[in-house]
């Protein structure tokens, strides 16, 4: 009976070791993704280095589902730049073009007015009650490049969360069952 | 190491890298001219000017296989005692194709030219024409030409 006990023990130990290896691989993949994301945040100087376009207010240039790459430098904000900004009280940032700039002589502070290319009027209606201008602290970054269509993955996963769970489940299953 | 899967993967990665590189290096030059006419000026709180713009531009050389659209706008730039820089976009247009990139247009300012204060009488300013190129994929770039020597009237009309 002793060798049965030994066999069972050896089988158990192999399984545990394999399981641990796979768990660590999964952990490595997740942490690498996090490292890349944080590094991007550092390099681009923006809290959110990549955003997905959600509305059609910048068409035909940016369509819903496009991905924008942001960069925030200390350079002054100038007319024509496409900026991503947050309005107090709204949780989704807006990506529009700067059409007016008034920069103060002494403090360097700036009053900015934005407008979506595809909108009729400027963004004053979108700003907070009584707010006429955006200031530097509202602006999260400048759009410097973009990829079309790739953002649809994020939109679908946000609007239909069940797809997100299916995807993560499938990915997890793939990692666990892979033999290398 | 020599399976179909590995080879397909290597080929795809290589192709995408080359494509990305090609999208990044497109560039071009342009020439354009701009004139401006005068109209009226009404003070009500802040100074405001209304003008007629006469814009001639040829931006055709900006269009490449990777160009989705060109966004062009005209903005005067001027300095006041309170503000070191004021830029006020007066007119803009989206140019979706090369055929539309050569144009002549005479219109009143699309957006109101309003100052922060009463500084516009006799104000010297530069008129700038900017163009922002939006690619089908990749990095956006922009440039401008500056025409100096413009001056607003000394008195309200």
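Residue positions begin at 1 at the first shown residue.
A Cβ is built for glycine as well, from the same backbone N, Cα and C atoms used for every other residue.
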Transmembrane segment per TrEMBL sits at which of A:111-127, A:162-178?
A:162-178
In TrEMBL, of the candidate ranges A:85-102, A:139-156, the one given as transmembrane segment runs A:139-156
Same-chain residues at least 6 beyond the ends of the transmembrane segment (A:162-178) whose Cβ lies under 8 Å from its Cβ atoms
22, 25-26, 29, 156
